Amino acid sequence: MKRIAVLTSGGDAPGMNAAIRAVVRKAISEGIEVYGINHGYAGMVAGDIFPLTSASVGDKIGRGGTFLYSARYPEFAQVEGQLAGIEQLKKFGIEGVVVIGGDGSYHGAMRLTEHGFPAVGLPGTIDNDIVGTDFTIGFDTAVSTVVDALDKIRDTSSSHNRTFVVEVMGRNAGDIALNAGIAAGADDISIPELEFKFENVVNNINKGYEKGKNHHIIIVAEGVMTGEEFATKLKEAGYKGDLRVSVLGHIQRGGSPTARDRVLASRMGARAVELLRDGIGGVAVGIRNEELVESPILGTAEEGALFSLTTEGGIKVNNPHKAGLELYRLNSALNNLNLN
């Protein structure tokens, strides 16, 4: 393989630029030319494709976002869009593609491979909801951003004897909420993977007041409901105290990537080039127990929920390589809470 391309697709994540940099420089070291595709699959179909050099990725490793830009392009789910994209790639002499993004991006990469065009996926999403990897590019930075915000919210919460409901991102996964909540010492964490009762949340807050605690931080993952809806439900369940809502929003996607995300992205980017060099496509690179692994890309595009309740009321672990259930129980133990 003499020429490959790299694109970013879907929601941006800190560390994407570090991954692009690794792809470019590893490929050059292997004697492979690299082209960048602007705006994801939309740019592929439009032919917005250009050569990248080592200088093109200079000083990019610490930048948030993606300098190749990103976009959602549902038209690529159709065969016509896929074939149009492949036609453009062939015009530029490109023989393989590295796709950095989430599960929607992975589906596009799989379609390319099915049409005989090798594609390798890298998990770029703050949600950490990709099966086949312990961590995704951008997750660590997002958690750090949320923890920093929670520390600041705690300052004002304690000054006014208030309870704050803080809504965080994660789509249908509770990874950000769990990890940031543990790190920031949140009093309660609500995630979409497990059911809970608002009455129990109110009781736990009241128990805190009885023990002399004058403020509380409640984390709610966006996959549960909005922060405003959650606050309303708390009031309906009997909460009488001063209650405020903070929605952290898109600051969770921005910012300079942490050292961990930079290293992870660099390792994954280099591995993607090695796979394409060897003619391997249709796989996604992940990390498990600190070792790089590859998985069939179609399987990794499934929902990455950590765990869920069974019909009998037990807990089913959907991805044993993630520590979600352990963290949920840890938070309950640290705050003397009931599991539900």
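Using N, Cα and C of the backbone, Cβ positions are placed for all residues, glycine too.
Among E193, E222, E274, the residue that Swiss-Prot places alongside T125, I126, D127, R162, M169, G170, R171, R244, H250, I251, Q252, R253 at the substrate binding site is E222. Per Swiss-Prot, the ATP site holds R72, Y73, G102, D103, G104, S105; the candidate it also names there, chosen from G11, G15, G174, G181, is G11. Binding of ADP is attributed by Swiss-Prot to R21, A22, V23, V24, R25, G185, A186, D187, K211, K213, N214, H215, and within the candidate set R154, R260 the record adds R154 to that site. Distance noted between the C-alpha atoms of R21 (ADP binding site) and R253 (substrate binding site) is 19 Å. A gap of 10 Å separates the Cα atoms of D127 (substrate binding site) and G11 (ATP binding site). Between the C-alpha atoms of S105 (ATP binding site) and M169 (substrate binding site), the distance comes to 19 Å. Closest to K213 (ADP binding site) by Cα-Cα distance, out of the binding-site residues G11, G102, R171, is R171. Neighbours of T125 (substrate binding site) among the binding-site residues G11, V23, D103, D187, H215, defined as a Cα within 10 Å of its Cα, are G11, D103. According to DSSP, D127 (substrate binding site) is assigned to coil rather than to any helix or strand. Cα-Cα distance from R244 (substrate binding site) to H215 (ADP binding site): 11 Å (rounded to the nearest whole number).
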